[in-house]
Ligand code: PEP
């Protein structure tokens, strides 16, 4: 059974007070509505410790937006997997397109992050997705295949059970343009096939593949109804309680 998931990537948004209020209101909603989908939020590193405490006995997982590829040491400004775990964080987004674009992160380096997480019993949400020029050139499957296989090539199969991958076409992130349900389904099925070829069918079939890129209350249901779409990674719309909860409810 693949897990149904809706994750909110809060990026570099919200003051501490705003984040706390949003998290607590979301928790109240989750308790009252018991959604089918698992709910994850990824606030800035700064707020993880407090939100982990506030949501300790809740059904919301608090994830990091990023983790260092290095172990502890002289890496100014970085946050290690061990540090995240020491404040109760067990999951991290890795390979988000904004990290790839602004911090030049590449697939092998992203793979190292995943390995560190797994070594500590933590888990990744691996983001992949092509740029508009890749799609226009008909290279989108090649680009995504490379991102998936290189990031996962050094991982142990026993760690990859219940892997979460987010397909986020770069041209759809924060742009208001969404992949059509058919375009997204086609790529999700391809990602599952790619994982199956590399790690076997059982891992492919237990991987939750989330769609990300301008998911909103109006388009979520059509996307989530697709066979290989197990949920969403939501940026902008996760900052508004009503929009985010409508999206969560759409993932049945
Ligand atoms: C994201 O950055 O992960 C994302 C999907 O953003 P948005 O929903 O705002 O496009």
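Glycine too: its Cβ is placed from the backbone N, Cα and C atoms.
Small disclaimer: the values here were computed from a predicted structure and weren't measured.
The feature substrate binding site is assigned by TrEMBL to 9, 10, 11, 174, 214, 235, 236. The active site, electrophile annotation in TrEMBL covers 96. According to TrEMBL, the feature active site, proton acceptor maps to 168.
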Max CA-CA distance, Å, over listed substrate-binding residues 9, 10, 11, 174, 214, 235, 236: 14
Cβ neighbour count (within 10 Å, all chains shown) around residue 96 (active site, electrophile): 28
Rounded to the nearest Å - Cα separation of residue 235 (substrate binding site) and the residue listed as 'active site, proton acceptor': 11
Those binding-site residues listed as 9, 214, and which of them has the most Cβ atoms within 10 Å of its own Cβ: 9
Site of maximum Cβ density within 10 Å, from binding-site residues 174, 235, 236: 235
Among 10, 11, 96, 174, 236, which are recorded as recorded positions, the nearest neighbour of residue 168 (active site, proton acceptor) by Cα: 96
Intrachain C-beta neighbours of residue 11 (substrate binding site), sequence separation six or more, cut-off 8 angstroms: 65, 98, 235
Assigned element (helix, strand, coil) containing residue 236 (substrate binding site), judged by DSSP: helix
